[in-house]
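Now, the feature entries from TrEMBL:
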- Cys347: active site, nucleophile (ACT_SITE)
- 82-87, Asp107, Arg112, 160-164, 201-202, Glu236, 347-350, Arg417: NAD(+) binding site (BINDING)
- 232-236, 291-295, Arg331, 338-344, 409-410, Arg513: substrate binding site (BINDING)
- 403-518: domain 'UDP-glucose/GDP-mannose dehydrogenase C-terminal' (DOMAIN)
- 546-565: region 'Disordered' (REGION)
Amino acid sequence: MTPPSSRAETFKYGLWPAARGVALGTLKEGRAVRGHLAEESAGAESAAQREVLSSSRARSGRRVRGWKWTIMFEIKKICCIGAGYVGGPTCSVIAQMCPEIRVTVVDVNESRINAWNSPTLPIYEPGLKEVVESCRGKNLFFSTDIDDAIKEADLVFISVNTPTKTYGMGKGRAADLKYIEACARRIVQNSHGYKIVTEKSTVPVRAAESIRRIFDANTKPSLNLQVLSNPEFLAEGTAIKDLKNPDRVLIGGDETPEGQRAVQALCAVYERWVPKEKILTTNTWSSELSKLAANAFLAQRISSINSISALCEATGADVEEVATAIGMDQRIGNKFLKASVGFGGSCFQKDVLNLVYLCEALNLPEVARYWQQVIDMNDYQRRRFASRIIDSLFNTVTDKKIAILGFAFKKDTGDTRESSSIYISKYLMDEGAHLHIYDPKVPREQIVVDLSHPGVSADDQVSRLVTISKDPYEACDGAHAVVICTEWDMFKELDYERIHKKMLKPAFIFDGRRVLDGLHNELQTIGFQIETIGKKVSSKRIPYAPSGEIPKFSLQDPPNKKPKV
């Protein structure tokens, strides 16, 4: 076998020679892939006949007789199925950082795709609009033509919803993989040749095996589909920053030459902007479990500090001071030690419940009970906060106006999934309170849909008790209490003297996110009575202990009616 006669021929066949005994790194041109070396052998007629050596052998620096070759697969076209909070931002950043790669994001929801192609994006994320506008129409496209995008792609990301099952086996805990399965069947139906299929969605361990079984059962001549796990660790509100400067990129694949070839091809995409030392490769199952475990650990930290906040309120300690003290211990650290009304979002509760179900299925009941307590503590924190509001308002909120400031599950996003605001609103509506809700990024229709969920309230109750306000001052006008459920920065800048004048007295502020910590003295001087998480603010207030128990409820309860807007 003779070497390629030119650089162009080298790129054409996906090969690049290396000096004897030196493992290849990623090259700027040709995208040579580390650790995949082929030995020249007499009579070898094609690349398919050359042995692909393991990456461990390459990293060890063992010499290979004759020419060393890197067998690479260059990803030039990417398709992402799912244009949601993960798929849209992730692929937008990939398109911006890799202008030579054509990225197509597809979805069955035509209105969502139309929004991605418009000046008003379907999701709010700081910096996202600028990224999309810099690439859209150049190498970034949004489409509903799923089949064509799959056919053209070298790499297909699966980034669809994996909700918790609402009925049947595993109800309320197990992940529903119907959308993952539908994607797998559509991919194998529309694929030919070599293609890499990558899980982006958070999935239970061994979900990739289910995808592989569907592929194997529907295989056809010349079809070669490799399955990878590449979970996303972005946080909503800082997604663009997280994607451009990630703590790590995790890629899991089969421990076979073909599997590792696919892993390195995806590594080559990320290496265009992510330092190599931040790219971690594992087997598929470790990658899938790592995502579940990461979210479970973060949720655990929040529930841990929230449990301490209850103790602080009962003793007169300040949970912020306690968090600072323990966070200075380098073994603990200060991240995710912010006490609040409870965590929300699409991932934490769903993934912890998924982990609980996995443990139960594997006959690990003690482990399952341990992680279930993370969810139970979060539920308790929400119910405890709602009880505190009711108790402070003389044990009745019936027909009282209460302003709810913030409906998203956290600031800098319009996402309301599993938001604590939904739970607090439900508890107060059950007591007959009239809610006036304001959020700067959540549209009215979304708030109504969330509160009309079968597990929350009836449609007529929402129309009778809920008003969506256009600004925070309108929401607070004539209110008995202000309840802060989302830590939007704008709530620190409000004119609270103006708000106090318009409220009924005594005027209460319930700060569920501790965004007003630096204003407590000023607010008390104005005349507010302040209640917050994990702290005794008023010297006149006795340590808090709830007088009643609010019943639990879950948004995972099976629907018994179709919500309407």
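Cβ from N, Cα, C; glycine included.
Note: TrEMBL annotation is automatic and uncurated.
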A correct count of other C-beta atoms within 10 Å of the C-beta of Gln349 (NAD(+) binding site) gives 24
Fewest neighbouring Cβ atoms within 10 Å among the binding-site residues Gly82, Gly342 goes to Gly82
Binding-site residues: Asn161, Asn295 - member with fewest neighbouring CB atoms within 10 Å
Asn161
The average per-residue pLDDT within the domain 'UDP-glucose/GDP-mannose dehydrogenase C-terminal' (403-518) comes out at 96
My understanding is the cutoff is Cβ-Cβ under 8 Å with a sequence separation of 6 or more in the same chain; which residues meet that for Leu292 (substrate binding site)?
Thr202, Pro204, Val205, Asp351, Asn354, Leu355, Leu358
For Phe409 (substrate binding site), just give me the three-state DSSP call.
coil
To the nearest whole angstrom, what is the C-alpha distance linking Gly82 (NAD(+) binding site) and Gly342 (substrate binding site)?
28
The domain 'UDP-glucose/GDP-mannose dehydrogenase C-terminal' (403-518), counted residue by residue under DSSP: helix, strand, coil:
44 helix, 19 strand, 53 coil
DSSP secondary structure for Tyr85 (NAD(+) binding site), reduced to helix/strand/coil, please.
coil
Nearest of the binding-site residues (Thr164, Glu236, Gln349) to Gly342 (substrate binding site), judged by Cα-Cα distance:
Gln349
